[in-house]
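**Q** The structure's right below; bear with me while I get my questions together.
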Amino acid sequence: MSFSVDVLANIAIELQRGIGHQDRFQRLITTLRQVLECDASALLRYDSRQFIPLAIDGLAKDVLGRRFALEGHPRLEAIARAGDVVRFPADSELPDPYDGLIPGQESLKVHACVGLPLFAGQNLIGALTLDGMQPDQFDVFSDEELRLIAALAAGALSNALLIEQLESQNMLPGDAAPFEAVKQTQMIGLSPGMTQLKKEIEIVAASDLNVLISGETGTGKELVAKAIHEASPRAVNPLVYLNCAALPESVAESELFGHVKGAFTGAISNRSGKFEMADNGTLFLDEIGELSLALQAKLLRVLQYGDIQRVGDDRSLRVDVRVLAATNRDLREEVLAGRFRADLFHRLSVFPLSVPPLRERGDDVILLAGYFCEQCRLRQGLSRVVLSAGARNLLQHYSFPGNVRELEHAIHRAVVLARATRSGDEVILEAQHFAFPEVTLPPPEVAAVPVVKQNLREATEAFQRETIRQALAQNHHNWAACARMLETDVANLHRLAKRLGLKD
């Protein structure tokens with residue numbers, strides 16, 4: 001099999017049909033998997049010596065949440081170092097990053113792998129990976145044909161990153177600096193709530209407005225603050241953190257505004273406060289609702305006039321600080337109850353942001369679980385950490401009152417328990433490794449099978465044939481989508497369909 005002009009044109013057309021970058025990336029990966037008849041494909045973005053998945057097909061959903069650091073993945077490091085197509089032999093000693101992450105093939109290791117580094121000029125911006133369960137799966141494709149695919153993918157990714165850079169810097173195309181991948185705090189999640197939050201972060205980051213970030217404990221409010229700072233014009237200056245809930249009343253004013261020598265017992269020298277440290281940068285005040293009313297009044301003055309006074313000093317100091325505040329309380333209710341100043345609330349909430357709880361984020365829980373699994377793999381020196389189907393089902397049906405923080409701790413604990421029950425450096429997390437309160441899981445759906453006079457083989461094939469027909473109908477005869485619904489490999493599905501007479 002080889003590429004024709006029609007095949008390449010079809011890939012290019014699919015890229016143009018996409019609505020937005022993410023849709024184009026997914027169309028590219030899905031089309032490539034169909035054309036190459038491979039078992040899995042992925043588009044990865046390169047940033048700070050790690051590959052970040054942008055789109056996948058044929059891989060477990062949690063792969064989208066993983067961050068593949070080069071030092072922990074020698075195959076990906078080889079792709080990053082190469083300037084051309086990389087083919088890994090079936091007996092390669094380098095472990096494949098996707099071993100155990102192809103649904104329905106968890107117990108098998110990937111046999112065939114091709115890596116295509118993607119460049120914008122001389123800069124590495126990403127990679128395409130193609131994987132198959134057959135050792136000779138990609139032998140029929142020449143390096144030149146694969147280079148054409150890489151060029152199409154590199155063009156799509158390069159354009160997306162350049163547009164992202166221009167938008168983040170509020171520049172016109174003619175003002176663009178030399179291409180450089182935009183570095184931002186990674187906020188993992190594709191749910192509607194997180195997608196909207198990311199858009200709002202992009203909007204407010206370019207301004208100098210104060211921001212009030214609200215959300216339940218453990219939702220990631222500090223990560224939102226970091227994302228705002230890193231995407232703002234103040235990113236070259238410090239982001240200073242202060243947890244207001246951990247401040248004893250006796251030292252709170254000094255922590256915020258500093259003090260001079262002799263201002264109080266123990267003040268043996270002059271000391272800068274958080275506002276001075278954050279001058280020309282950003283100050284993140286976590287748990288702002290815990291500040292006393294007296295301190296709220298002094299904070300309000302800083303926001304109004306831009307100057308501070310160290311404790312024990314009559315002189316004022318000018319500061320240029322952007323304030324980001326976070327709370328897990330309803331500050332409107334706190335204002336009505338007299339525990340929070342209304343004028344300070346309005347000063348802080350010029351641009352309010354709300355971080356959704358994990359229970360409202362759908363499949364984001366699986367992406368985040370993948371991220372934490374990869375963290376555990378690196379920290380504990382394991383070759384792989386994967387979630388079983390039962391574990392994924394459990395995570396999707398647990399409410400996580402502690403939100404993302406609870407999920408992180410649950411994954412770390414589960415890895416420790418799983419390691420204790422099996423030898424070796426490969427860990428599979430099962431449902432029993434999670435110590436959640438009782439979770440009611442939906443019963444598996446079992447299709448009714450009519451009673452017919454058939455032997456077991458004929459009945460099995462009839463059931464398979466009807467199941468595939470229904471899945472195809474529900475997915476508009478898209479074989480890749482059908483395979484995902486049936487949780488099987490698309491190449492295996494094609495072979496089964498041919499055997500059952502559903503495909504020529």
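Residue numbering: from 1, along the chain as shown.
Backbone N, Cα and C define each Cβ position, glycine as well.
Annotations for this protein, taken from Swiss-Prot, read as follows:
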MOD_RES   Asp57  4-aspartylphosphate
DOMAIN    187-416  domain 'Sigma-54 factor interaction'
BINDING   215-222, 278-287  ATP binding site
DNA_BIND  479-498  DNA-binding region
**Q** Around Asp57 (4-aspartylphosphate), which residues of its chain at least 6 apart sit with Cβ under 8 Å of its Cβ?
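**A** Spatial neighbours, sequence-distant, of Asp57 (4-aspartylphosphate): Gln26, Ile29, Thr30, Leu32, Arg33, Ala40, Ser41, Ala42, Ala480, Arg484.
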**Q** Which number gives the other C-beta atoms within 10 angstroms of the C-beta of Leu285 (ATP binding site), all protein chains shown included?
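**A** Leu285 (ATP binding site) is surrounded by 24 other Cβ atoms within 10 Å.
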**Q** Just jot down the residues in the same chain as Asp279 (ATP binding site), at least 6 apart in sequence, with C-beta under 8 A of its C-beta; none if empty.
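**A** Set apart from Asp279 (ATP binding site) by at least 6 residues yet with Cβ under 8 Å, we have Asn237, Val319, Asp320, Val321.
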**Q** What mean pLDDT score does the DNA-binding region (479-498) have in the model?
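**A** Taking every residue in the DNA-binding region (479-498) and averaging pLDDT yields 80.
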**Q** Which state, by DSSP, holds Asp279 (ATP binding site): helix, strand or coil?
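**A** For Asp279 (ATP binding site) - judged by DSSP and reduced to three states - the answer is coil.
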**Q** As a test of the contact definition, list every same-chain residue at least 6 positions from Gly215 (ATP binding site) whose Cβ is closer than 8 Å to its Cβ.
**A** Lys221, Ala326, Asn328, Ser354, Val355, Pro356, Pro357
**Q** Provide the three-state secondary structure of Lys221 (ATP binding site) computed with DSSP.
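**A** Where Lys221 (ATP binding site) sits, the three-state DSSP reduction gives helix.
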**Q** Validating a neighbour-count step here. Other CB atoms within 10 A of the CB of Lys221 (ATP binding site): how many?
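**A** I count 24 other Cβ atoms within 10 Å of it.
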**Q** Report the DSSP secondary-structure composition of the DNA-binding region (479-498) as helix, strand and coil residue counts.
**A** 17 helix, 0 strand, 3 coil
